[in-house]
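Shown next, in structure tokens, is the structure this report addresses.
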Amino acid sequence: MNRKKLQKLTDSLTKNCKHFSKFEVKCLINLFYNLVGEVTERQSVIIGLDRNAFRNILHMTFGMTDDMIMDRVFRGFDKDNDGCISVTEWVYGLSVFLRGTLEEKMKYCFEVFDLNGDSFISKEEMFHMLKNSLLKQPSEEDPDEGIKDLVEITLKKMDHDHDGKLSFADYEQAVREETLLLEAFGPCLPDPKSQSEFEAQVFKDPNEFNEV
Amino acid sequence: MGVALTRSAQWTAVGHGAKTLEVTPLNEAIVKEIIMFVESFIYKYPQEANYVFVEPLEWKTNLDPSAFGSGYAVSGTTVKSEEVDKNGEPLLYLSVPQIKIRSFGQLSRMLYIAKNMKLKEAQACIEDYEFSNGCRAPPWRQIKGEICYVLVKPHDAETLCVTCSKEGVFLNGGKTDDEGQINYERKGEIYKDLVTLLKEKSAIFSENMSKQEIKFSEQPQKDQPNEAPKEEVAITHKASVTSRKSTQEKNRINLGRSQLTKRLEPSLNWRTSVSSKESRNTLRDTQVEKHGGKLEKSRSSVSPGRAQLIRKSVEKIEEIISDSSSESEEDEEQPDHRQEANADLPSEYWQIQKLVKYLKGGNQTATVIALCSMKDFNLAQETCQLAIRDVGGLEVLINLLETDEVKCKIGSLKILKEISHNPQIRRNIVDLGGLPVMVNILDSPHKSLKCLAAETIANVAKFRRARRVVRRHGGITKLVALLDCGKHSGEPAQSSLYETRDVEVARCGALALWSCSKSYANKEAIRKAGGIPLLARLLKTSHENMLIPVVGTLQECASEENYRAAIKAERIIENLVKNLNSENEQLQEHCAMAIYQCAEDEETRDLVRLHGGLKPLASLLNNTDNKERLAAVTGAIWKCSISKENVTKFREYKAIETLVGLLTDQPEEVLVNVVGALGECCQEHENRVIIRRCGGIQPLVNLLVGINQALLVNVTKAVGACAVEPESMMIIDRLDGVRLLWSLLKNPHPDVKASAAWALCPCIQNAKDAGEMVRSFVGGLELVVNLLKSDNKEVLASVCAVITNIAKDQENLAVITDHGVVPLLSKLANTNNDKLRRHLAETISRCCMWGRNRVAFGEHKAVAPLVRYLKSNDTNVHRATAQALYQLSEDADNCVTMHENGAVKLLLDMVGSPDEELQEAAAGCISNIRRLALAIEKARYS
């Protein structure tokens, strides 16, 4: 990519993304191209991170382990649903992922948890997401009983309109009362430690950067 | 062993005579444990096995003499061991059915010989041991609350025979001649514990204790998880082995100790049983035991007997020295209430139990859900608080604090913060080692975590032990560091999960320091960590919720001189005064309280005035609904009014009238301060008039019948000050105030006695027909004269002053002479206390005016010490003494004594004094001495 084009891309992304400075956007673009590798630009070839490459980043850099959640995070980033995260999606996605306001994060998390995209988190979806969250007690007759109970507890806490499923409004209200519920069904945001490590590594000192 | 027996063993209900162990699996286990220990003793500790007990273990045995083989001399119904002590006495002696054994070695052998009767023998030995309620005292003394008797031989005093009773510890009449009997009668004051008694009785003990105290306080506190009684037996065994002196005597003392520490009620009906509650108690005892064990090792220089005595109160001493709380004892540790196992449990209990299960077995996601759900229970309700604990939730919550999961820590602390309002839970958190973990979290990079940890610490550190743990784990320094966050108070709240504002961090830090500052050592630690300047800086903010903990901490710490100086230096007074004008009553209260503490210092009193603090104080007097605040405000006014300029201001603000209005219908805490303030105001004529005009005398006199010591001291002072006005004196007399004051001379507190006596002086001076009034108090004169036997200097000085006034009436002087005032006064003459010297000399000169008292003072050797008073540095003493000597010099023998003691030269110097009265008296005395000398010369030559 030529210098001029890169400059233009940086400017437009910086303009549309309020959480990163121009320098930071530049760093993220650089990182993106580093990750994607040397790709010669050809027409009609999509340049970007595919599912596996992205999951690898989530796992290695942000310590995520839950396959399903990682898939959902990928979908959260991949706005155009083309199975590949473009540089724009990368910067926008990280903007929420790292620096999003509570509102942005709630929206993002809800989308992650709404597995079928019907704007509700159903009991089944909850069960699906929580099914590995408890140690299996061999003594229990129904190994899923604990999970079912956990789903009921969650509903009791969050389903304010008592329709047996969580709308965004339900979720939002619950999170505003108790922020710990933001990632109620699994970690889909970076934990503070890996976040600060990532930022420290990617956003190196500007002077240093210029020299390079 | 003793502890385990007292606490765990199940005794039968008490009948008459010896108690028996119930046949239960637990008892059997304990006895077997003991047998195993004793049997193997001879092999494991051969050296210790040879130690001879001071007194034998003795019981009725079922063993047949014929069972004893080699090593024993058997003859008919008696058996003697061939092993003997240094006096040739056998270490085992059996005279059917009584057996006496005096070493572990012989005990081991006996058990070996007993074979299958071991269990019976061991049980019989234990049962002849003590009363099942743990008391060593015989039943007829237990009724009187006595627990046991201890013989103590200090290095520097006679053997003390001490009774430990539930009221405290006191000396009894000692051992009587016939063997083993004790004269139970009390022979001295009651002390709160053995250490206090011994400190009082033995200077060396007291000195050694003060050296040791530091060591004790450094003993780390180990909190043990619940253990089965069986294991406890093992632990105590170890302790007794390490102590290397396994005598029955010692076991007794151990028992006595556990009783003392727990302040048990002796009762013949009390039966120990093992329930979850009991086993917790045992646990505590075990801890004490271990403390003791360590201690003894570290004190090899002290004789074992003393070391054991000291051990008794280790825990208590530790409390006393490291944490002398300025707080009332509301925060004392309460007994533990566990929910009865078979009681009807509320539904919350089961729900919480389920949540705790998910906490234990869930990953981070499930844990957070369970924590959030648990938070929705009414955590202010005791049922829920105790349910969390009883299903093992506290352990899990504290464990979560040690993980790396920030969200889990936040969730856990949010719950701990709520339930730690419960005193029992606080104690459990400390027992489970929760505090050190929370103290570590104070270093976390996440501000919200710091805040939650500090807030929880603020709740938990409401009792001494907890405050000590916080300090020992470096918590005070970390909390003080939190205060330093307050610099950027303007920044906006952040959206992140883990962030919060810096001021919030500082506020939480101050909140925790406020709780911690109730212990003396923590006050010191806060100061050393540089807390005062930080608190001073936070004091400049205008947020009430910040100011309250900050001022609260300062107020708590202002009990220390160091702090008062620093408070002045850091210009804190200015801000305290400013916040008196706050709208918040609690803040006003703490500010007033801090001023009260600091205004003992004159410069501070001036600062309060210069910063305009007196007016808000005066106006706060008008709001009397909030009694805590009223007490603080009146306290501040009292201390401020020690300065004359301040009193003038208060008069300007009409505060004196308001104070008089507060003399009725107020709690004692308020009254003490109000009367104290009025007492200070009364030092000026103008104010005395105000108090009389607005009817203050009657309520003051009414307060003379109270029992509160502090209040009586202040009331007597105020009434005495009022009596200086003849017009007020008439009112006091009419209200029978003098008789009430006179009755207070019988008050047990020396401060009250002295203050009442001082107050009587102006009363007698200003009463009409004072002589008649004094005579009208039946037995009054005798009472006053007998107070000269007091050993309190202030009482003596004040009583001398009263006698000076009484003696102005000839008839009364005659009466007190009959009561022996002269010898009593003469006895006091050898003193270095200038206040007493002055009043004593005045009294002596006044008492010379009757009969042959002059001569009598000479006979009772009062003259020579008086001459020495002339070398004092106090002119008041000189004047009074010169006058007394002048009176005494009317008697020729006294003149000789004075001359012999070098009075003439001293008096000659006094003649040159600018004080005319002194001049005159000194000259008069010299002239009497000279005249006598001349007369002698004349007689010689004629």
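Backbone N, Cα and C define each Cβ position, glycine as well.
What TrEMBL annotates here:
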- B:214-308: region 'Disordered' (REGION)
- B:214-235: compositional bias 'Basic and acidic residues' (COMPBIAS)
- B:277-299: compositional bias 'Basic and acidic residues' (COMPBIAS)
- B:321-344: region 'Disordered' (REGION)
- B:433-475: repeat 'ARM' (REPEAT)
- B:566-593: coiled coil (COILED)
- B:779-821: repeat 'ARM' (REPEAT)
- B:861-894: repeat 'ARM' (REPEAT)
- B:902-929: repeat 'ARM' (REPEAT)
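With DSSP states grouped into helix (H, G, I), strand (E, B) and coil, the repeat 'ARM' (B:779-821) comes out at 34 helix, 0 strand, 9 coil. Counting residue by residue with DSSP, the repeat 'ARM' (B:433-475) contains 32 helix, 0 strand, 11 coil. Across the repeat 'ARM' (B:902-929), DSSP assigns 23 helix, 0 strand, 5 coil. Here the repeat 'ARM' (B:861-894) has, by DSSP, the following mix of helix, strand and coil residues: 24 helix, 0 strand, 10 coil.
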